[in-house]
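**Q** Shown below is the structure under consideration.
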Amino acid sequence: LRKPGVDIICRGDSLSAPVNVTIKALKANSAVVTWDIPEGDPVIGFAITQQKKDVRMLRFIQEVNTTTRSCVLWDLAEETDYIVHVQSISMSGPMSPHSEPLRFRTPKEAETQASKSKDEVTMEEVGAQLRAGEFIIIVVVLIMWAGVIALFCRQYDIIKDNEPNNNKDKAKTSSECSTPEHPTGGLLRSKV
């Protein structure tokens, strides 16, 4: 005879397989696999199995103490078929059954470059735009400084033309007319 409590405990320890397993950010040499878990499962980690189609060799990735629902698959071969399974890991150690197998094919490197949308901007393009913007700002600032210096020189010439002539005339008349020894006139004009 079965005891009802034993069945409940056994079912309580088992985990459900992850669901909604999908591939995102698919590139020629990498991809991101994402998934969801059924609500209420006491999950502490995940195990991802990656396999090339028709090849027995597997890559096994295990992550524990995580709530992350994604994993990067790296070092993939371009134009190759892969199969991925995800399993949940519980606190007590047993794993869930495998998720439904997810099959995907990596694109060719040239296809990933060509399929980049026109609105997508790479870091190199952003750097080039920043350098061009910085260059324009520097040129504008230099032109403004040149204008300020030209304006200053023009104003300085106007001031120099007006004031120094008056000071020179005053200096000439005072030096011609007097000397320290003869306050009323210069040496040539002194009365004997």
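Placed from the backbone N, Cα and C atoms, the Cβ positions cover glycine too.
Unlike curated records, TrEMBL annotations are generated automatically.
Copying in the features that TrEMBL gives for the protein in this structure:
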{"type": "COMPBIAS", "residues": "100-121", "note": "compositional bias 'Basic and acidic residues'"}
{"type": "COMPBIAS", "residues": "163-173", "note": "compositional bias 'Basic and acidic residues'"}
{"type": "DOMAIN", "residues": "17-109", "note": "domain 'Fibronectin type-III'"}
{"type": "REGION", "residues": "93-122", "note": "region 'Disordered'"}
{"type": "REGION", "residues": "163-192", "note": "region 'Disordered'"}
{"type": "TRANSMEM", "residues": "135-153", "note": "transmembrane segment"}
**Q** DSSP says what for the domain 'Fibronectin type-III' (17-109): how many helix, strand, coil residues?
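**A** DSSP classes over the domain 'Fibronectin type-III' (17-109) add up to 1 helix, 48 strand, 44 coil.
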**Q** What is the pLDDT of the domain 'Fibronectin type-III' (17-109) when averaged and given as a whole number?
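**A** PLDDT averaged over the stretch: 89.
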